[in-house]
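Enquirer: I have a structure here, written as structure tokens, and I will follow up with some questions on it.
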Amino acid sequence: MAQTSASQGYIDDSSSFDSFHLDSRLSQAIRSIGFKHPTLIQSSAIPLALQEKRDIIAKASTGSGKTLAYLIPVIQTILDHKKADQNDEGATLGVILVPTRELAQQVLEVVEKLIVFCSQEIKCLNLSSGNVSGNLLKSLLTENPEILIATPAKLVDLLDAQDVNIDRLKFLVIDEVDLVLTFGYQEDLTKISERLPLRKSLQTFLMSATLNDDIQHLKQQFCRSPAILKLNDDEVNKDQTKLIQYYVKVGEFDKFLLCYVIFKLGLIKGKTLIFVNNIDRGYRLKLVLEQFGIKSCILNSELPANSRQHIVEEFNKNVYQLLIATDDTEYIKEEDEDLESEKTEDGLVEVVDDSTVTTKDNAKKQKKPKLNVEKDKEYGVSRGVDFKNVACVLNFDLPTTAKSYVHRIGRTARAGKSGISISFVVPLKEFGKHKPSMIKSAKKDEKILGRIIKQQAKLGFELQPYNFDIKQVEGFRYRMEDGFRAVTQVAIREARIKELKQELLASEKLKRHFEENPHDLESLRHDKELHPARVQQHLKRVPDYLLPETARKDNKKIGFVPFHKNSHRKNGRVVKKKGNVQRKGKSDPLKSFK
């Protein structure tokens, strides 16, 4: 099995996992997954955590191998603890906090792969799973699983209910720290810190894509003389040229037109992840594509957690080719791009001792306001979730920040594979010309595009303008107008209600039935047609005259066709010549009338 978790540019070929002197069962699990060499962040963090027992603060982007950088030390130390105290009855020794339920499930899957040969000694439980009822969760917690994975809010709820005991905790991991803070978990983290055991017996990992003032506050709250690791992504990114980025300047209605042409003619090969900026947009696009027989499935914060999890799993198994994901990133504030974290010059990973780090008085600085998310705040799709083998990321709606753009396009061209991203940009002069297809965030598209181009240029990447031959597309416009007209606001509302009913029903089945019958899960599909809008069947077929000449089928020459038709056939039916057939004149009532 090939290296799948980290991008090739992050691999440290000069090191190996054998140099860490891990437990044989853990080493065997790592080999069975397919990992031969650690990544740069792993080769730096694991020795510091295992040998020096240091707290770790790591800054590294998606695909750098952050998950194994903290999981390997956690599992190894728990195994050592079990060997030293064989009479131990079991207790919660490690807690991993993540911002979203999707990421919690993803971390659980990695843990299960790592403990496959020592599952009798280490148990792991995802507290944020939507598949487990409250009573079942309480019964599972009585078994004292060694590792717990949860969102901060879920852990606080269980601590308040005294269902979880962390008095003997040895490890605390906060993954995607910057996203945890963005989602408004600061108060929950404070409550958790008040219940932790003494810092001398606790080892902490803070993993983040950025290091800002908020993380400095968490460092003082949770860490004790941490080692700070900074991965210089700029050096790594220089060798990553397998992601090709395009942008298309297009009107609001023409977004739907281009989507129809792209997917109906199969211009993109492989799986596509489409991002929209709100839930209504996702359903509108799905219903419009349904008009033309193009199947897709929806992923948004309204759906039940276990349905979202199942959709991601099925998408990764290639059950669906087209996934429309709602990315509510309006609450992520754009940071000043000039105040990027300092670049490292000596090597790709810089280890900074906490004693040498000086910080300014943070009290004088005003904290940036966080916008409360009304939908499920434990939902996140553009960041952290591992979508596998995505050929194309299509930004149907341009994100509202350059930072969000980076997270979106990071879903493709992963683990050394190639990929493309296409972003639709609405020029300011085109904004508001077509009210039904309008979205307010498009007013700032050109401004955001400028920021994105500037940011990508710093990383050595280029956004290329992609010019569609509008003459080739114009022939499809009248069909799109017919299809778009059928998708009204009422139809969208009905679609949302119908989808929620279907998914809630499926959610209950997932909780009760599918735990005992996992094979039945294959029959549950999320890309079924909703049909709340009037579907015109003729739109599903594209006539040859609309296709470009290169895409038309070769019409075989029919040859000579005589002017006179075969008299033996009439209106498609064979007519016998013999006397069984009466003359037409005798059957004419006007001629036979007397």
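Backbone N, Cα and C atoms are what each Cβ position is placed from, and that goes for glycine too.
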Enquirer: According to Swiss-Prot, which listed range is motif 'Q motif': 15-43, 189-217, 363-391, 421-449?
Expert: 15-43
Enquirer: Motif 'DEAD box' per Swiss-Prot: which of the ranges 119-122, 175-178, 339-342, 407-410 is that?
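Expert: Comparing 119-122, 175-178, 339-342, 407-410 with Swiss-Prot, motif 'DEAD box' matches 175-178.
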Enquirer: Going by DSSP assignments with H, G and I as helix and E and B as strand, what are the residue counts for the motif 'DEAD box' (175-178)?
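Expert: Going by DSSP assignments, the motif 'DEAD box' (175-178) contains 2 helix, 0 strand, 2 coil.
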Enquirer: Who are the chain neighbours of the motif 'DEAD box' (175-178) in space, where the CB to CB distance is under 8 Å and they lie at least 6 residues beyond its ends?
Expert: 66-67, 70, 96-99, 103, 107, 206-210, 212, 214-215, 218, 383-384
Enquirer: According to DSSP, does Ser61 (ATP binding site) fall in a helix, a strand, or coil?
Expert: coil
Enquirer: Of all the binding-site residues given, Ser61, Ser64, which has the fewest Cβ neighbours within 10 Å once its own Cβ is left out?
Expert: Ser61
Enquirer: Tally every other Cβ atom lying within 10 Å of the Cβ atom of Lys66 (ATP binding site).
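Expert: There are 29 such Cβ atoms around Lys66 (ATP binding site).
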